[in-house]
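Chemist: This is the feature table in TrEMBL:
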TRANSMEM  27-50  transmembrane segment
DOMAIN    43-294  domain 'G-protein coupled receptors family 1 profile'
TRANSMEM  62-84  transmembrane segment
TRANSMEM  104-126  transmembrane segment
TRANSMEM  146-170  transmembrane segment
TRANSMEM  198-223  transmembrane segment
TRANSMEM  244-267  transmembrane segment
TRANSMEM  273-296  transmembrane segment
């Protein structure tokens, strides 16, 4: 089936990106993406089920892990099925409204995930630096309120992004850089002044992801300060090992996010395969890795997974 060009599309739609010269290989390229998506869904559903049924995991750290699993499920499900539809059925056109909705979910859920990662860092800080007050500070009610605040923060900061793009006129070329819709990508196709949208988008990212990253680093500086006060290296390693899983999850989220941002800001001349690959990594890799990381580091999760198998 031939791929459409801009002149074939309705005036209120965009073209999802494909890798030039590899259009005929899309069916086979979608197979690893589908496999990763199935792994992400299975792994995160397993985390939710295990934490729900294992009373020893009913503590704030694993409630936050459940939030993370739910966010990863929602984020990957809001994008990957549409990407697979494009690769397998050549549905390359996406309407303007669907594009804005998808953009809203991607950016909002990313902001919520960043906030939950910050909450998990605070949980580690309180557990290590103030262990006697941990149960009193981070109660189940407080954990639920943090989750609601994270969702509200993401919506409030990133709902304006699609609203700022809504009144803009768009040029005849509507070819996106990814197989899904991102704010920066859609904004670059507008035929009008996009300064307000650009400034707001950058400000929102700095005030949410940027601030969260700084506060996570600050939490770990305080944790390291407390750990090095301990007398023996064995005790230091034992205490700090409780943070390893969270550090890996933070890196799995922020490294693809930073890589995608760098590609958008400075990589306009890069090959399309770089943009598409970075976008897919950002959407899928954290969702696949998070359950694996906590499955390896948590004996209760390991035991329940082996029982399920």
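Just so you know, glycine gets a Cβ as well, placed from its N, Cα and C.
Let's see these features in context: how buried, what's close, how far.
Modeler: A Cβ distance under 8 Å defines the sequence-distant neighbours of the transmembrane segment (27-50), meaning residues of its chain 6+ beyond its ends; these are 19, 57, 65-66, 69-70, 72-73, 76-77, 80-81, 83-84, 87-88, 280, 284, 287-288, 290-292, 294-295, 300-301, 304-305, 308.
Model confidence over the domain 'G-protein coupled receptors family 1 profile' (43-294) stands at 90, taken as the mean pLDDT rounded to a whole number.
A Cβ distance under 8 Å defines the sequence-distant neighbours of the transmembrane segment (198-223), meaning residues of its chain 6+ beyond its ends; these are 107, 110-111, 114-115, 117-118, 121-122, 124-125, 128-129, 153-154, 157-158, 160-161, 164, 183-184, 187, 240, 243, 247, 250, 254, 257, 261.
Residues 68, 110, 113-114, 117, 120-121, 124, 177, 182, 184-185, 205, 209, 213, 216, 220, 274-275, 278-279, 281-282, 285-286, 289-290, 293-294, 296-298 of the same chain lie 6+ residues outside the transmembrane segment (244-267) yet bring a C-beta within less than 8 angstroms of a C-beta in it.
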Chemist: In terms of Cβ proximity under 8 Å, which residues at least six beyond the ends of the transmembrane segment (62-84) contact it?
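Modeler: For the transmembrane segment (62-84), the nonlocal Cβ contacts are 16, 30, 33-34, 37, 40-41, 44-45, 47-48, 51-52, 94, 102, 105-106, 109-110, 112-113, 116-117, 119-120, 123, 140, 143-144, 146-147, 150, 179-180, 249, 280, 283-284, 286-287, 290-291, 294.
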